[in-house]
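Peer 1: Just lifted these from TrEMBL, have a look:
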DOMAIN    57-92  domain 'EGF-like'
DOMAIN    103-139  domain 'EGF-like'
DOMAIN    141-186  domain 'EGF-like'
DOMAIN    295-327  domain 'EGF-like'
DOMAIN    387-419  domain 'EGF-like'
DOMAIN    481-513  domain 'EGF-like'
DOMAIN    528-560  domain 'EGF-like'
DOMAIN    562-607  domain 'EGF-like'
DOMAIN    632-667  domain 'EGF-like'
DOMAIN    720-761  domain 'EGF-like'
DOMAIN    763-795  domain 'EGF-like'
DOMAIN    806-844  domain 'EGF-like'
TRANSMEM  900-925  transmembrane segment
Amino acid sequence: MFPDNHEMILTGTSNYTAFVPKEPAKSVFLRNNKFIFICEIEIFGDILCNGRKYGRECEKDCFCFNQSEKCKVSTGGCVSGCPVGYSGEDCKSDCPAGTFGKKCSRKCNEHCGQDGSCERINGTCLHNCQAGYLGDFCNLTCPSGQYGQQCQHTCSPNCKASNQCDFVSGSCLGGCIHGYKGHNCSEKCPSGQYGHLCLNICSLNCGGNEKCDHVNGSCLEGCKEGFTGHHCNEVCPSGHYGQQCKSRCSQNCGGNEKCSHVNGSCLEGCKDGYLWEYCLDMCPSGQYGQQCKSRCSQNCGGNETCSHINGSCLEGCKAGYQGHNCSDTCPSGMYGQQCKIRCFNCRDESCNHTNGACLEGCKDGFKGQQCFDKCPSGQYGQQCQHFCSPNCQGTKTCNHINGSCQDGCKDGYKGHNCSESCQSGWYGQGCQHICSQNCGGNKTCNHINGTCLEGCKNGYIEHDCSEMCPSGRYGPQCQQRCSPNCGGNEECNHVNGSCLEGCKDGYQGESCVEKCPSGQFGQQCQHSCSPNCQGTKTCNHINGSCQDGCKDGYKGHNCSESCQTGRYGQGCQHICSQNCGGNKTCNHINGSCLDGCKDGYKGHNCSETCPSGQYGQNCAHSCSVNCWGTRSCNHINGSCMEGCQDGYKGHNCTETCPSGQYGQQCQFNCSVNCGGSGRCNHVSGSCLDGCQDGYKRYKCTEKCPSGQYGQSCQRVCSENCAGKKPCNHINGSCLEGCQDGFMGHNCTEKCSSGYYGPRCQERCSPNCLGKEKCHHINGSCLEGCQDGFKGHNCTETCVSGYFGSECNEICNAQCNITCHPVSGYCLGGCIDGYMGDLCNETCQSGTFGPNCSEICHTNCKRGVCHHVNGSCLEGCAGDYTGHTCSEALPVASMSVDSTMAIGVGMGVGVLITVSLVGVLVASAMKQAVPAGMNKLMVNQ
């Protein structure tokens, strides 16, 4: 032990310490003002403490990096330095806060949690990591998609950039998806707002509380009346209005049938015949037209009612008027109901259009208001004011128009009214008779009876020589008989027998013995058979009656009369077709309708209905190609008999289905899966703008087949989809999740860096090297393992004796036990004679042994020794021997000239001279000195 009454005055690398007693030294005066102090010095050495101890009482344990090193006896200091994680002169202090490792030279990672402290030896963080970091050393940032303390929080799914957020705070790096806000996009847009950063305001046209979807702004409670579209920013399409635009504008709206998209009120007023805001009310009785401002014509028949639209009279016109609204008077020459009655016998053929009264009076021979009455018998001419001539024959009646005598004139008179006597040489009825050539003399005769004033020629008899031979006789003295075919009274020329009155009908020739040639008949065969005779057109040679009957359209014995109005054909037995147009009159021969056919009929007599596929006037119109089945339609008005083909409506199927409907009677709605505007072909229902994603076929009613999705099913499900149901037919999202190593709704994204396997939930080993960490499917480290690890995913530590990359490096053979698997540092220190972390350095000159903690003996020449066992390589100095030169030679051979000068004082100073008069003798076994010390005497 060290003496308490001594003071340490000298220490050194030799591990020896000198102590001086505390009591005053004895002084000796010398000449020249010089004196010396004489004191006792005690020397203590390492040999005083056993084992790896130090301190005054050898009570403290050495704590050196080299565990076999003996430390300095006074301070505990170590030549090899402190163990990893410790500091201080005696290596008993932990590394200062925030440092670790050998010599406490390394700083804890700045991302260590709480107070930033770490384990003093290897630097692992003691209190977890700061938010956003992980790993034993807090040197790894949170993997993509996670953030916060221990990376336990997942980035908001509302982050815009594929769930990417700040790994510390969780704030979304690319901003928020539409509909969310806040630094981590966790706040929905407040009511009434939507879209990017909630900057958009819900449409004022949204129904209910004007709320809309916070993401896309679509109105949650539908649209206000008059609006449509998912944002309700589109007004109803033309022709529609109201809630969901389901109501149609009234067909009675004027202009383009447009109405208010909100309440359906007609924007351009009403069509003719309708009233008020919505144009649903017809004009009141007696009114019609635009705003019902026009009044029905007073010329309308019945109750004077008319069409509320165009004013046409519903019950026809009053007598004397025509036209759809009875505003036109009958045309000149017509009057009465429907103007069908002709004015007769009126002068200038004009009459009152209502009652037929002749405006300019009657034609000659007629009287009465309507000039229906002929002049009474015996009267004629204008207003029947003239009387018939007394020279009229018979009843003395004359033509009521011009006064001509109806039965001719009395004999001897002529002229249309018999007021003239026959001129000379003429006589008798109508002055048609010439005085007989048989008259003698000048052949003059009485103008009345033809009496020859100068007698008769031979062959004639009676007063007027007008009597020929008695009937049936002729020739000289009337002795020959006339031909029985002579006409009249069968008289013949009394001279030559020629028939005086010609032949009886059917005969010809002077003596009338020849029948009329074929095709002729009657008196003197001068008449041709009627062209109206049927067959060979031959007729009876006498009366002309047609032997084979009449041609169609004629009647009478000689077929000279046309059929009366309303009849036609053979024997005029047929009645004109009821299908004739106009007055229903027809051609008397073939029955063809003179004014054409009623709508729906054709043929010369309108007896044929229009052939299939045609209708209307003269069958000139073709049935609509849109008629169903045989495409037949009503032959009159063209309405389709079997309804319309798909895609059309209306009585004649000319209207296409309204937008959004199709098929038979337009009863089907376009598929909700139609793309674009949702419109479809009005006939087949095929979607005009293609299908919405996920559907196909022309009606878009079929989902995409398994394995396909998207527009027209043209896209193929990702090969990375798991299970038997590959993907959603609309957006391609994998229905049973992704195969190992893939993520995203359609599994096209590899796992984020640092993750792998099913659903990308497995973390890559922290022992992987490089930025990409590990393979996204099996977790194998793509750039190899960090030093100290091996295996495809770097989870296996190096076996004992190996370290470094892929554990391919062998621990140094100079390691005492094994080495650290990462750094290769020798964990149990070095074998004797080596030093350094890797034990690859031999001991520095002057040191040897375990961890180079032993110092070559001071007795070794030049202070060098073997680095392993300490044997002096150049021999011993002075009086020492042994392989370490630690053994003293025998006493007889010792040198006693060793001295140590302690100090000398000059003048007022002190000079101390110490002479070493004794030496410390220690055994080679380094046994302790009895009583723990050796006393050396110091004298002059």
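Glycine residues also receive a Cβ, built from the backbone N, Cα and C atoms like all the rest.
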Peer 1: Given a Cβ distance threshold of under 8 angstroms, which distant residues of the chain, six or more beyond its ends, lie next to the domain 'EGF-like' (103-139)?
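Peer 2: Here the qualifying positions are 81-82, 84-87, 94-97, 147-151, 166-169, 766.
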Peer 1: For the domain 'EGF-like' (806-844), what are the same-chain contacts with Cβ under 8 Å, counting residues 6+ beyond its ends?
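Peer 2: For the domain 'EGF-like' (806-844), the sequence-distant neighbours (Cβ-Cβ under 8 Å, at least 6 residues beyond its ends) are 65-68, 80, 102, 784-790, 797-800, 850-852, 866-869.
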Peer 1: Under the DSSP assignment, what numbers of helix, strand and coil residues are found in the domain 'EGF-like' (103-139)?
Peer 2: 2 helix, 8 strand, 27 coil
Peer 1: Could you give the residue numbers and ranges of same-chain residues that sit at least 6 residues beyond the domain 'EGF-like' (528-560) on either side and whose C-beta is under 8 angstroms from one of its C-beta atoms?
Peer 2: 504-507, 515-516, 518-522, 568-572, 587-590
Peer 1: Which whole-number mean pLDDT does the model give the domain 'EGF-like' (632-667)?
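Peer 2: So the average pLDDT across the domain 'EGF-like' (632-667) works out to 90.
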